[in-house]
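S.K.: Please see the structure below; I have some questions.
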Amino acid sequence: MLGNKNISMAVIRRLPKYHRYLGDLLDRDIQRISSKELSDIIGFTASQIRQDLNNFGGFGQQGYGYNVEALHTEIGKILGLDRPYNAVLVGAGNLGQAIANYAGFRKAGFEIKALFDANPRMIGLKIREFEVLDSDTLEDFIKNNNIDIAVLCIPKNGAQEVINRVVKAGIKGVWNFAPLDLEVPKGVIVENVNLTESLFTLSYLMKEGK
């Protein structure tokens, strides 16, 4: 069920939102919810929610709705959140520091193990409990510390070179904030986060009054 590769990315991208809202419900000690009530909270139709969850077998009961804790746990498993991930962050500028300082990633099981930078002025800087390391040591650190994910917070110039290095060192997942579509071999997953594109979307929606 969890290995189904025919599920659309649109469905996959809705799952984190379900997970987040269900977590909020648990924080409010809400144990049961219907698809209609979930629809009112999230903004998707009840039919869409049922269709999305049915891709993974369905979790509701007729006349009962969803057990919030059970659904939250199962969606977490579908998203791969039932295991921890070790990450390195490349680029210790303002964006990199903001990400390194965000405690929510650790709470979710994503542990940043080290920060790297090529700028001599950044190397040795203390950020949280980390001392920024020279990016020349990046590959050795990845190989010796069971690193799963590389977070790239660097300019697009040089980003492809860095991705080539981390992939060669064994990285299988990249969270890319560089404004560049990176080329990677089969088996390596890249999730691009383009802040400018998101801002442009906001600009459009404001222009249209939506």
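One is the number of the first residue shown, and numbering goes on along the chain from there.
Any Cβ shown, glycine's included, is placed from N, Cα and C.
Here's the feature list from Swiss-Prot:
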| type | residues | note |
| --- | --- | --- |
| DNA_BIND | 17-56 | DNA-binding region |
| BINDING | Gly91, Ala92, Gly93, Asn94, Leu95, Gly96 | NAD(+) binding site |
S.K.: For Asn94 (NAD(+) binding site), name the DSSP secondary structure in the helix/strand/coil scheme.
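M.R.: SS state of Asn94 (NAD(+) binding site) = helix.
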S.K.: Which chain neighbours of the NAD(+) site, leaving out Gly91, Ala92, Gly93, Asn94, Leu95, Gly96, have a Cβ atom within 8 Å of the mean position of the site's Cβ atoms?
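M.R.: My list of surrounding residues reads Gln97, Ala98, Ile99, Asp117, Cys153, Ile154.
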S.K.: Radius 10 Å, atoms counted are CB only; among the binding-site residues Ala92, Leu95, which position scores highest?
M.R.: Ala92
S.K.: Out of Gly91, Gly93, Gly96, which of the binding-site residues has the smallest number of neighbouring Cβ atoms within 10 Å?
M.R.: Gly93
S.K.: Counting by DSSP secondary structure, give me helix, strand and coil numbers for the DNA-binding region (17-56).
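M.R.: Per-class counts: 28 helix, 2 strand, 10 coil.
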S.K.: Could you tell me the mean pLDDT the prediction assigns to the DNA-binding region (17-56)?
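M.R.: Over the DNA-binding region (17-56), the predicted model scores a mean pLDDT of 94.
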S.K.: Using a 10 Å radius around its CB, how many other CB atoms surround Asn94 (NAD(+) binding site)?
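M.R.: Other Cβ atoms found within 10 Å: 9.
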